[in-house]
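Take a look at the structure set out below.
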Amino acid sequence: MASAQVLLVALLLSISIFYAEGGALQYGFYGTSCPSAEGLVNSAVTAAINDNKRTAAGLIRLLFHDCFVEGCDASILIDSTDGNTAEKDATPNLTIQGFDVIDSAKASIEAVCPGIVSCADIVALAARDSVRQLAGISYQVETGAHSIGKAHCGAFSNRLYNFDSTSNTDPSLDSSYAANLKAMCPESNTNNETVTDLDLITPTTLDSQYYSNLINNRGLLTSDQTLYTSSSTQQQVILNANSYWWEDQFSDAMQAMGRIGVKTGSDGQIRQYCRVVKA
């Protein structure tokens, strides 16, 4: 499992948005300077999710991927230029959705509060609003989760065919679940666009079902199922299968992640367009 995945798992097993002012973070920083900011972000997120519920997973994932590369600085939104391949075009980020939602929210905010609200805060707020709409979990943001989302066949086909010298199929994968996956992703499959839900039971709901799936050997990705087969994390999986425990832990984890490498005061910049670095 990659180190970033391990750290993410640690946070999820263990966002109030922080706003930056004078090198510190605080709740409600835009309450006076741009009181409509959070409402405008929520409107953009709500409209996008109503159009395509998968957008919520994309916005949550967008925050994860941004924060684990040099901190929560919205650098993942920046477009590539001649001679410079941007973070968003790195292989792990090519399937991320939600950039257009951030653009929409930013444009709405700039129309009423130009040069006030940072792109990083918009990303964090959009993730928070997605969590609230999917799971009913609300938290403040100071200015993951594989529970929702989909994966392409190529991300898990190694578990279905020619797994190792003794087993064709990963023995830690439930046999009936493996059969369903093979039907969806045959060995001869050449369609790279075929996808399946990361959580087969509640695919569009952000909840603790993911952990119950692991206990039942129905984790889709190797990195997921390893959380249960590894003695170092198995007990945490069992605890998080309890929905009440998980909701508490998830809120705390999102808040903790939102503080990673945040640029405050003069260390950051308020970009007019989130895709372009301010000159």
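Using the three backbone atoms N, Cα and C, a Cβ is placed for every residue, glycine included.
Unlike curated records, TrEMBL annotations are generated automatically.
The feature active site, proton acceptor is assigned by TrEMBL to HIS65. The Cβ of HIS65 (active site, proton acceptor) has ILE76, PRO92, ASN93, ILE96 as same-chain neighbours under 8 Å, each 6 or more residues away in sequence.
Annotation comment: TrEMBL describes ASP66, VAL69, GLY71, ASP73, SER75, GLU87 as Ca(2+) 1 binding site. GLY71 (Ca(2+) 1 binding site) has a Cβ environment of 16 other Cβ atoms inside 10 Å.
Per TrEMBL, the feature heme b binding site maps to HIS146.
The Ca(2+) 2 binding site feature in TrEMBL is assigned to ASP199, THR202, ASP207.
Just so you know, the Cβ of CYS34 (disulfide bond) picks up 18 other Cβ atoms within 10 Å once every protein chain is counted. Annotated disulfide bond per TrEMBL: CYS34-CYS113 (among others), in sequence order.
The disulfide bond feature in TrEMBL is assigned to CYS67-CYS72 (among others).
Summarising the annotation, TrEMBL assigns disulfide bond to CYS119-CYS274 (among others). There are 22 other Cβ atoms within 10 Å of the Cβ belonging to CYS274 (disulfide bond).
Taken from TrEMBL, the feature disulfide bond covers CYS153-CYS185 (among others).
Annotation comment: TrEMBL describes 24-278 as domain 'Plant heme peroxidase family profile'.
According to TrEMBL, the signal peptide annotation covers 1-22.
As annotated by TrEMBL, site 'Transition state stabilizer' applies to ARG61. Cβ neighbour count for ARG61 (site 'Transition state stabilizer'): 22 (other Cβ atoms within 10 Å of its Cβ, all protein chains included).
A 10 Å radius around the C-alpha of CYS274 (disulfide bond) takes in these recorded positions out of ARG61, CYS72, SER75, in sequence order: SER75. Rounded to a whole number, the C-alpha distance linking SER75 (Ca(2+) 1 binding site) with ARG61 (site 'Transition state stabilizer') is 14 angstrom. In this structure, the C-alpha atom of CYS72 (disulfide bond) lies 29 angstrom from that of THR202 (Ca(2+) 2 binding site). For SER75 (Ca(2+) 1 binding site), the Cβ neighbour count at a 10 Å cut-off comes to 18, with all displayed protein chains included.
Within the same chain, residues at least 6 positions away in sequence whose Cβ sits under 8 Å from that of VAL69 (Ca(2+) 1 binding site) are SER75, ILE76, GLU87.
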